[in-house]
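Annotated features in TrEMBL:
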ACT_SITE  ASP123  active site, charge relay system
ACT_SITE  HIS187  active site, charge relay system
ACT_SITE  SER513  active site, charge relay system
ACT_SITE  ASP784  active site, charge relay system
ACT_SITE  HIS848  active site, charge relay system
ACT_SITE  SER1128  active site, charge relay system
DOMAIN    18-94  domain 'Inhibitor I9'
DOMAIN    115-564  domain 'Peptidase S8/S53'
DOMAIN    619-709  domain 'Subtilisin-like protease fibronectin type-III'
DOMAIN    711-769  domain 'Inhibitor I9'
DOMAIN    776-1179  domain 'Peptidase S8/S53'
DOMAIN    1234-1329  domain 'Subtilisin-like protease fibronectin type-III'
Amino acid sequence: MKGTKMQDSWERYKIYEYIVYMGAKPAGDFSASATHTNMLQQVFGSSRASASLVHSYKRSFNGFVAKLTEEEMQQMKGMDGVVSIFPNEKKQLHTSRSWDFVGFPQQVKRTSFESDIIIGMLDTGIWPESDSFRDEGFGPPPRKWKGTCHGFSNFTCNNKIIGAKYYRSDGKFGREDLRSPRDSLGHGTHTASTAAGGLVSMASLMGFGLGTARGGVPSARIAVYKICWSDGCHGADVLAAFDDAIADGVDIISISAGSSTPSNYFEDPIAIGAFHAMKNGILTSTSAGNEGPSFISITNFSPWSLSVAASTIDRKFFTKVKLGDSKVYKGFSINTFELNDMYPLIYGGDAPNTRGGFRGNTSRFCKINSLNPNLVKGKIVFCDGKGSGKAAFLAGATGTLMVDKLPKGFSSSFPLPASRISVGDGRRIAHYINSTSDPTASISKSTEVNDTLAPYVPPFSSRGPNPITHDLLKPDLTSPGVHILAAWSPISPISYVKGDNRVAQYNIVTGTSMACPHATGAAAYIKSFHPTWSPAAIKSALMTTATPMSAKKNPQVEFAYGAGNIDPIKAVHPGLVYDANEIDFVNFLCGQGYGAKALRQVTGDHSVCSKATNGTVWNLNYPSFALSTFNKESIVGTFNRSVTNVGLAVSTYKATIIGAPKGLKIKVKPNILSFTSIGQKQSFVLKVEGRMVEDIVSTSLVWDNGVHQEYIVYMGDLPKGDISASTLHTNMLQQVFGSRASEYLLRSYQRSFNGFVAKLTMEEKKKVSGGTTTESDIIIGMLDTGIWPESASFSDEGFGPQPSKWKGTCQTSSNFTCNNKIIGARYYRTDGKLGPADFKSPRDSLGHGTHTASTAAGRLVRGASLLGLGSGAARGGVPSARIAVYKICWHDGCPDADILAAFDDAIADGVDIISLSAGGYDPYDYFEDSIAIGAFHSMKNGILTSNSAGNTGPDPATITNFSPWSLSVAASTIDRKFVTKVKLGNNKVYEGVSVNTFEMDDMYPIIYGGDAPNTTGGYDSSYSRYCYEDSLDKSLVDGKIVLCDWLTSGKAAITAGAVGTVMQDGGYSDSAYIYALPASYLDPRDGGKPDLTAPGVDILAAWTEASSVTGKEGDTRVVPYNIISGTSMSCPHASAAAAYIKSFHPTWSPAAIKSALMTTAARMSVKTNTDMEFAYGAGHIDPVKAVHPGLIYDAGEADYVNFLCGQGYSTKHLRLITGDKSTCSATMNGTVWDLNYPSFTISTKSGVTVTRIFTRTVTNVGSAVSTYKAILAVPSGLCVKVEPSVLSFKSLGQKKTFTMTVGAAVDKGVISGSLVWDDGIHQVRSPIVAFVSS
């Protein structure tokens, strides 16, 4: 204690840096340093004040950083003007993520040449003062730059923005237009910062999208060409800007503008300008347009430019609408406003501006000027169509709800609180308005969540095919264009609506205008590595390395997304490029019918169209192939292409057609291309013929040279104990390369985490990753309460057909269907007795089965939470595995007959792992327990059963699933817990434990349950003090918080009308529970099995929408994800870990998988687990280590039969169980100590010394040639000897036997040690436990 006091005293005088935040900057003259120094002098005098002051904030707000002791910090807390004070801690960078989403992180490799790249931005100008365009660290403009920055009274350039011009040929400016390159609309500032903005931390739109805003090439220079104004972008100005930009020396041109209708190539100023840019070696990146989702709606489609469609990122916004009847609807918008009250709600059709000549048939759509300000002022207006919100805003409305018939691809900002509502919800809101004389509503501030379906192409993005040349695929590719955070002009309204006075430095905007600068930045990034590459080469690199997108999520397939979503890093090293230059495009134009005269005017040379140069579109050297036909019965197309080697000098590429459509034959000649030098060209012909069975079919051609790329193999945490990382990693590579493995190992990570870098081909990568190639063939049989198939956790996006081994079925019904994730589903109820809430189908009405299934094998779902708690990515351990559902549990439990029926089917159906989170309260004989029986037959068929240990602890011998052939899983905590504070009227605050999603803003009366007995129901205070069901008097507790002397479900309190409950719990507070009303529970002082443990406390996973959060009557909260605790939650974690091992080792037996999990489990603390191994078994699961255990303790049916003989089962009995001629004899009568189990347990009497001899056999699954040494860690009271103590192996699969003699003298309780077999790489650990039996 003395040492602790001394340390506490020392900590009081230790100096740290603290941030003292003082709010807004004072008005008028203000000397920050003098004010802050004066404050510090009040704490410790003048001697240390100036030295303590580290930094003063004085430009935008008031505050400072100072060096203080904790005691001094506490003194400053109470000073006038101090808002808060907190430690100056290091924070990790968070990105604004559109670039990160496409795999282009901030720390990507860059070249010094990036700062010589100049991007010409043809847009609405720029806001030069934005932090995104600061030029700190930039040198002078590149020498090649020939442009200018006109001297303007309100605009100056710098070394980031090196040039700026504006164009308005007709001289007609609008009121909001600035006669300079300065941006008054925000659009050009947004696109410029997306392409090349510098890094700006803590950027956001009023808190939304908070992170680091950055462009794709933050070191590049920007040249601004302002061509667009309040009334649009005139063609003359567009061409004038192209004219200048080309001459000025830009490297890439970006233009996020276009017409609403397509024009011929040389009647379109953008296509004309882009052609001349191409002639001069400049790629033009253009937006595809926002006229989707109709076909042929793309307006920028010239073959010499890059046409960019928009795709989503993993960010979306919801805005909730609450009606006066308390119903809540979820709409779409980016709503920064906060309406804290309910407001009158009016239908737009009931508020026509009749004086303006409008009637209800117009005002219902909320058209401009159609609403009567006298009727809508101060109200929320409900509109039958989506608009800008301008009409409601100008009419004085408080908010607006708009019915939107289009699919929800994105959210927008509006000038007033607003939400776009689906048609179905719109009908319900309309019904509410008509059903009451006083309809009211409130619109919440938006919620930012993860879009788990991203990327996909939103409806607005214009679609192909090419309107002029059908057989030229457009768009070319997609890039992020939805909910993009980037710099903004502070004088431009956030919503584009005049009168919206919100000022923002950064805005979140959507459109192909936002997608275009992403592709521009990617093109500039490639240009910085390959400055001599042509525009076509850069475009080819982007297209041929693009990430394929889902046809299921984008039914218009390539006409929506082109080649796919950009991947800038891969595009730097494409291997081959489809190059083209001016001559190629001239030949293409000849084939399009352009005459020599017209072409000469365009090219300025002596171009001639002849038979030799009259190229068809199929012969343009384009990185995609398109073929249109009017006759689906017959189609033929021949494409001539040439590729240029930009990869390895000596290389051979093989052609692969991926997923050829049914009915079509696609041939490539030659199908192998060999190169001997960089820059070498090779030609090939692709021929398509056959018949089409659908209107649109697509496939892809891949040229693959099998090149070794550098891959990072991440293996998680460092293994405990000594480890030779390089030896371990070399051994893994030996399984792929043999003795040459060391040549391919580039680096081992071994200090803080485990992993390595290796040179691998794609096939070698698959072999090393193992699980990724076979995980989707793994089938987990979930025996539980069913499943909620619509949960995002069970989407089958990207899954192929079910594995061929699957023999099961799906009991479909009117409310249930399977998919390629949930491949089978059955339900069982032998007695036919269903409860009113039970679904007569595999659908889950309780939530438990949905939760366990998603924990084991759910898909990755970002942004999952329980009403904001536990927010993050929800995923199962094997997200690619398949799920087979066997519904055996109902509202009244899980009948044994149904459990056995499910095992019977699951085994025959072909599952790989069975997971069962259920059990009895009392232990049964092995063959009087339906779960042990089913697990035995599973083991006979090579299937491991994972069982929950039970929830009846902490008393000894409370485990109920304990058969040696199954895996018994206890629960452990994770680094998450929930504390709920209780504040009393005397201002004292107590901390309890619960998962409480309710918010109480006021104080409520509190009553002791013992003072509120339901005497009319026959209860007195001896019952009501514990808040037993029906024991509380409703008239006494209604509207109050009830204090109870016992932990309950809270049901009694909620049914009695209480607003909350506080429960005293004399047990444990390791887990928090959810209640149907605000609740917390307090400590009264304040108010040989299991096999291992896995996380089971406060687990977030999918939930059924048929049950509330708690499942209690009166709880109306319906959520897609829930947080619950129990060994039911730990079991599916272990099931997934077993499935993960199975994906690497499909032939391993159940015992081998269990051994791998147990012998690699992480040690757990005896101090925090006083029941030691009887609480945690071998330890905490470590799935990554378990894949490579080194040695395994294997066992088969014969081993368990011998064990059962030793347990007293007769030959007759065993033959009935096994179905064979098993016999119990003296030689087969195995003791429990001889069962080849990965742990060692001895029971003894107090004070009696007992000696046991254990015989074990281990199988080598690690390094072929290896030597293991026995390492013992034993406490006093145990005497252990291992013979032999060294085991040498010469091959994989070789077995070695050893004996371990254990002498134990235990006075009371439990003592334990461990045996570790160590080869310098693997540590194969088994617990040794001795205990006093009662």
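Glycine too: its Cβ is placed from the backbone N, Cα and C atoms.
Of the candidate active-site residues, HIS187, SER513, ASP784, HIS848, the one lying closest to ASP123 (active site, charge relay system) when CA atoms are compared is HIS187. ASP784 (active site, charge relay system) has SER1128 as its nearest neighbour among the active-site residues HIS187, SER513, SER1128, going by CA to CA distance. Here the domain 'Subtilisin-like protease fibronectin type-III' (619-709) has, by DSSP, the following mix of helix, strand and coil residues: 1 helix, 45 strand, 45 coil. Using a 10 Å Cα-Cα cut-off from SER513 (active site, charge relay system), the active-site residues that qualify among HIS187, HIS848, SER1128 are HIS187. Close to SER1128 (active site, charge relay system) in the fold, though at least 6 residues off in sequence, lie HIS848, HIS851, THR852, SER917, ALA918, SER948, ASN951, GLY1096, each with a CB less than 8 Å from its CB. Long-range C-beta contacts of HIS187 (active site, charge relay system), restricted to its own chain and to partners at least six residues apart, with a cutoff below 8 Å, comprise ASP123, THR124, CYS228, SER256, VAL509, SER513. Of all the Cβ atoms in the protein chains shown, 28 others lie within 10 Å of the Cβ of ASP784 (active site, charge relay system). Residue environment of HIS848 (active site, charge relay system) contains 24 other Cβ atoms, counted within 10 Å of its Cβ in all protein chains. When DSSP labels each residue, the domain 'Subtilisin-like protease fibronectin type-III' (1234-1329) comes out as 1 helix, 62 strand, 33 coil, counted as helix, strand and coil in that order. Within 10 Å of the C-beta of SER513 (active site, charge relay system) there are 26 other C-beta atoms, taking all protein chains into account. A simple way to gauge crowding: the CB of ASP123 (active site, charge relay system) has 28 other CB atoms within 10 angstroms, across all the protein chains here.
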